[in-house]
């Protein structure tokens, strides 16, 4: 069989052989022994239960040595004792349990010592032999204390003292404690404490240490007996008291010592120091921290305990004893050894004939364990030679196995500290496939949910599972289906079209077996109309609707709940198929009502609230804020809590909903009141949890519907003692600002959070997923620390722990941070541009390698710019444009390009630090496009027979201009549009033979090989232009100008004469004449200065006497409305691109204004003459 096949086989055996009925692999690696499905399937023995290696027995009870095993056929059992066969049948005191290898030894008439020894159980059948561990049987012992006479001990006050216990060696070792004659434990503290060996250490003795009943007791746990040492008498004298002295060590002695411990065990280090005053003990580890979650201090800091010791716990531990006179240090070197431990134990193999397999015995230990192999309990070198078996150190390789070669292999790994023994069978089977999933099983699933169809099977070789739907082609892995190794078919999102018959076929070299299952995809249950919020009057009716849609083949069940509980058992509640009716509503009916529609596969629910109000409005009540509480009192005063009680004030017709309790910390924030807690309005007391190192004052406020009351009078001040911090700084982050640093920042803790004086922060960091030790530094009064010399953008584990003068805060949470980013160091490669059309192109590139990103990849920037136009030789490069593509995109579109142009482009990656180097500039060209509109279109040189049409070339030619199309036709006429095709180098054309007095509209556009561009238009009337030209000629004639000047001079002379006559002596009855004639043209002069009066607005527009005025009061126009003469001064009519005339009304407005000015500035000559009559 191929290597691929045996790897597949081995992998399955590592994960599971037995597949459960639901299609999921079990963790047991064994052949299934279902008597109905797999009856008669052979299996070598497997030990399932055995006694511990070191078995200490109680001599008062029978000895029970366990050995249970399974296999097919069921195994038989035998035992060895001290390496030789133990014939249990010849010893009438030994009984073997039925169908088991467990021994029961009756020692009621025999000493237990007779059965001490090393036992080993063997379970065998025709397919192999499994063996148990070596089980060492030892009797528990509780020996008496050796007789001794304890002389009284006399010491001076202040000296150190050791009281030795020296308990008898028991099995297991006894538990030691010191008591007095009254069986009361002797008090222990930092001055007096007990060592692990039972000795009692006094750092210095006091006069009250004098007593005659220092008694050491040893309790033996197996026999539950207690042995007592003879009492020790201690007399403490005060005639020559010892003076104060710096610490020195009573145990361990010297400056250093060494302790060995095994991996996985518990390490206990202890230090006892002499000194006066009593020394304080502290522990540190050289070049590292103590393991956070595995160390603890005991015995008043004198014992350091580390559980589940690992190799990293080895090293030097410093025990420091300190008082005010000095300190002493002892270094304990811890050496970690290791008994053998499993890295990967060998696993059972089920192989088909001719297949390959591998047994691996992977162990660790210090020193390195020795591995030996056994087969069926016999050293493998003493067993018969098997050419299919090859041993390489810790691995047995089996190849081309044969039927009948099943066996049980044992791996034994040992060193000086212990051994490991594991059994692993190799079962060679040739079995055709068997499908274990029940046939014709029906799976039901809701639409759009996941469906799992099982095909549990067994066979050797391992069967290959193939699925078919409705008997059609095989189902393969894809977006819709996933085929699992255990044969299960997964449909990610089941749809109605997935319903049908599914067939799984299990196939190996010995045959095949198929099984049919069915999938039914159901419609989901949905509430179409949800119940709505109801506000009803008491004694009325409330109706909640709940209309549901569900699959018709599923049986629905409607359930109604009130406040997540059952509906009241009341006939007023009526439940219909799609509604809930509550008759005669009461106040107790208020709450939240939920309808739940259940089917066998799914459910849906919805809720609504019912509010009950009074039927009639109550008389008005005056509501006010409550009065402040009073009589505050502090009771049950403890270190970290206190009880606050008060008397409520008047509620003023609005019940108090809650009481708000506030506190002031006069030590850290005087005159600042903070909210502490809130209690219901029915309470008049509150239990308050306090923080250390705070000077508390409390006050209470009451809250009702109107608002908060005034604050109560503050309570008496309550001070708490300092303690170690209860919390660590928040919002810890690690972010780099430079490529070689990481800034660790946090929120500084408040004085309230510090719990004591001397607040500092222990900042620790190490690179993630490495074997580096934690680095630490202690800082104060800052909120960040900069770690320098870091690699660029690598993850770090970061912690910040609060420390004060009274200890450290809790174990800090590990936060993931990153060192600083650097700019990407590599430019994208393989930059290619695909031109889509004249204005759009696509750019593609290869992503840069992750190692060159040097930070968090944000995306790519594409810069492109127009180098030149392919049509205009003197064009200049344009300013670059930039597009940004996020993430790992490797392509993008370049929009709004200029046709027929040459572009340059480059691509660069960027991260949070900035942009990387750009790629080499790539050039590309855009094809020609349609041109832009001509820059202008105008009519020049108009006359009655012809005129000239002029235009400017387009600004955006977008290619080579191939010509122009000029179209024109009369406006409001049915004549066809005339069209002229003009050459590219033409910018004007003369049109002749056009109809007189006709308005024409003109259309012009440019062309390239890609087509025609936008059209510009203009319009002109042939007659208007000609007459405008004539009027310009008359207005410029010399005789006309001379006539106008003469008239102006005559008017000036008349005005001068008029003014001279008026200024002569004597008065003329002008006013009377004016009143008699009632001439509206003549106005009285002002009396103060003799000047003419101003004309009114209505008179400004009256004609002179003798002028002709039509009956309708309008002036007749001589020209038609379409004439251009009234609107301009020259013959050159200017047009916009849309054909409208530029400034068409300006000439006429100026004319009207001039006429108004003439009538208001001077009276007419006729009126002036009448003034002399």
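Using the three backbone atoms N, Cα and C, a Cβ is placed for every residue, glycine included.
Curation does not apply to TrEMBL; its annotations are automatic.
As the structure is a computational prediction, the values presented were derived from the model and not from experiment.
Copied from TrEMBL, the annotated features are:
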type	residues	note
COMPBIAS	714-723	compositional bias 'Polar residues'
COMPBIAS	869-881	compositional bias 'Basic and acidic residues'
COMPBIAS	1069-1089	compositional bias 'Basic and acidic residues'
COMPBIAS	1156-1173	compositional bias 'Polar residues'
DOMAIN	45-132	domain 'Ig-like'
DOMAIN	143-233	domain 'Ig-like'
DOMAIN	247-335	domain 'Ig-like'
DOMAIN	340-427	domain 'Ig-like'
DOMAIN	433-520	domain 'Ig-like'
DOMAIN	524-611	domain 'Ig-like'
DOMAIN	628-723	domain 'Fibronectin type-III'
DOMAIN	728-822	domain 'Fibronectin type-III'
DOMAIN	827-929	domain 'Fibronectin type-III'
DOMAIN	933-1026	domain 'Fibronectin type-III'
REGION	714-741	region 'Disordered'
REGION	869-896	region 'Disordered'
REGION	913-933	region 'Disordered'
REGION	1069-1173	region 'Disordered'
SIGNAL	1-28	signal peptide
TRANSMEM	1039-1060	transmembrane segment
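Two recorded stretches are said to be in contact when at least 3 C-beta pairs lie under 8 angstroms, sequence spacing 6 or more; the domain 'Ig-like' (340-427) and the domain 'Ig-like' (433-520) meet this definition. Note: the domain 'Fibronectin type-III' (628-723) comprises 0 helix, 50 strand, 46 coil (DSSP; helix = H, G, I, strand = E, B).
When DSSP labels each residue, the region 'Disordered' (913-933) comes out as 0 helix, 5 strand, 16 coil, counted as helix, strand and coil in that order. According to DSSP, the secondary structure content of the region 'Disordered' (869-896) in residues is 0 helix, 11 strand, 17 coil.
For the domain 'Ig-like' (247-335), the DSSP-based tally of helix, strand and coil residues reads 3 helix, 55 strand, 31 coil.
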